[in-house]
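I have placed the structure first, in the form of structure tokens, so that the comments after it can refer back to it.
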Protein chains: 2
Amino acid sequence: MSEVYAVRRGLLRDRCAAVGSAAALVSRPANVRYLAGGAPPGSVLLLGPGGDVLLTPRAPSGDPADGRTDEQLRLSLLPGSDGDPVVAAADLAASSGAESLAVEEHHLTVSRHRAMGSVAPRLRLADLGATVEQLRVVKDEEEIACLRIAAEITDQALGELLESILVGRTERHLALELERRLVDHGADGPAFATSVATGPNSGQGRHRPSDRRVEEGDFLSVCLGANYRGYRCEIGRTFVIGTTPADWQIELYDLVFAAQRAGREALVPGAAYRDVDRAARYLLDSAGHGGGLAPWTGHGVGLEIDEDPQLAPAAMGKLDACVPVTVEPGVHLPGRGGVRIDDTLVVRPEADGGPELLTITTKELLAL
Amino acid sequence: MSEVYAVRRGLLRDRCAAVGSAAALVSRPANVRYLAGGAPPGSVLLLGPGGDVLLTPRAPSGDPADGRTDEQLRLSLLPGSDGDPVVAAADLAASSGAESLAVEEHHLTVSRHRAMGSVAPRLRLADLGATVEQLRVVKDEEEIACLRIAAEITDQALGELLESILVGRTERHLALELERRLVDHGADGPAFATSVATGPNSGQGRHRPSDRRVEEGDFLSVCLGANYRGYRCEIGRTFVIGTTPADWQIELYDLVFAAQRAGREALVPGAAYRDVDRAARYLLDSAGHGGGLAPWTGHGVGLEIDEDPQLAPAAMGKLDACVPVTVEPGVHLPGRGGVRIDDTLVVRPEADGGPELLTITTKELLAL
């Protein structure tokens, strides 16, 4: 198991060496976890001439998932909470002979960066950029297995909700109940703040649950996901409350369903990110809903719920196999509500059966 | 209502002017909310020569608490999600004639800071430091009223839990139930991740709830708090499960109780932060528990759960009236468990009756 992390760190060292930096400091928590197998709060990972060191401001917490780290790592506990591990890392890198250190400028604050410069004035601080995020885009089968379990848990939690009485309950309560059910089924927690949107709120991307109660005739849209061993998936569904959906509801649902299917079908290795986005966006645009659409129609998932790639009109790049992404177009009509349909899928070659759908809850328009 | 925010922004402008900066950019979300009355996701606040502008990458969400902003502010929506509001703010500050702009270097990343420099190369970027955090330390009565309600909600949620059957339930479930009860009683959500620790886990500061079940004879320590209109409080209590506590449990409880009381009694205007810490720490140190103690014994609360001041051995500064803080010493004996007792109080002059205890749940050692 720990070999996986050592291999990942080896890849990062290679990339750094290729741009002339023999040492790198990783501070973004998901990146630290990816490379070390665990990320105690505040810890940072130094890949330096003296080996790989995880510097942490205090002892790892009792949580095995966060505290577990690769045995091949040295673990360095800084005394007290005053010492900033990035400053200690700069000091350590300089004293072990590094001339330059690549840091995550998109994560480090200006203050911390300056403090590193003060403690190690002769160390040249370079930019590591999104190198680790790029390594994280393509998942191995063990990572995908975690996402698959996260999706199973999510489907179970959602399925149970659908069997309960919904009318009269508030968005907030339904969201809390979904989160409880995620944990019941083995999640470490929700992957992100569960969204439940009713009536005029429905169809909005990340609507924060309010005290509005579910009413007959409402659209109800939910978006939730489990965090399983750090891996996060996402599902979004829209239902109708009551026996018969109105005509406008059926029409809007069919439109978003067709758009989402088009997006899913565009998930093939080699497809440009922007072409997947266009596939999901095209039908909605043509039907006159282009103005209100979210700026993206999907995104990568993994150790974070919102990772590269972004499926958006201006995104650069092409899909690889084994990249898990969401496809989540939605339309919201102000004052009336709307529809969002959201799946997590893994890009697979056609020879392997095409995209692997992780979130398998039905996408029929259910009347609850 | 909106006048409060304009007054706060006036104070900030004065402080900036005093250090020679006519323009300031606030990016830390709690600081934006404090000054604007609301902080849509990703928004930043520019106080510039051209007036006060809230720049936000997308329309405010449906949540009134987050979307509500001062009418005296101009609201500027940036098209799409690509534009970084801090870059747009730098551009705007430069084009409205500012020569320098004070930014929150402890919040801005190196990458964003550099992007600001690129778009406005002649604008001198200075450091605003923790100026807004310092303004936030002393609360007005309206803020304290929100904290008082948050504490009432928290006491209610905890009180209900104590009336239910606990043996056999997992830490995770108890934590989720507490969070549901917080929302039931009107919280916008939990102020932080609720901690429930049983048996050998008990007494640890921010233990993450596990699947361990409550057993007869356990210590059970909980730490929770409500978020009410953005204001966050904290309570921590330790109980014994079963009819009769063991001698070591009573002894440890009495010790921590005495330490916490000493800390509470030290909360007077003008007291040095470190002296409050020492008051709470002294008895625990003397009893030989000094080694395992957390590096602080309390901290400020408000729009964030962990604010200035920090009550710690090396903290500099003195308490003012109307500063809400926690007092939360605890002892954890590895393998056996421990005790933490945590209250939120507001510092008040003795003439006004001394510290105002917001979290009023009993601190007797209850056997549940």
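Glycine residues also receive a Cβ, built from the backbone N, Cα and C atoms like all the rest.
Here's what TrEMBL has on this protein:
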type     : residues  : note
COMPBIAS : A:195-204 : compositional bias 'Polar residues'
DOMAIN   : A:8-138   : domain 'Creatinase N-terminal'
DOMAIN   : A:146-348 : domain 'Peptidase M24'
REGION   : A:192-211 : region 'Disordered'
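Helix, strand and coil residue tallies for the compositional bias 'Polar residues' (A:195-204), in that order: 3 helix, 4 strand, 3 coil [DSSP]. Across the domain 'Creatinase N-terminal' (A:8-138), the prediction's mean pLDDT works out to 86. Per DSSP, the domain 'Creatinase N-terminal' (A:8-138) is made up of 51 helix, 28 strand, 52 coil.
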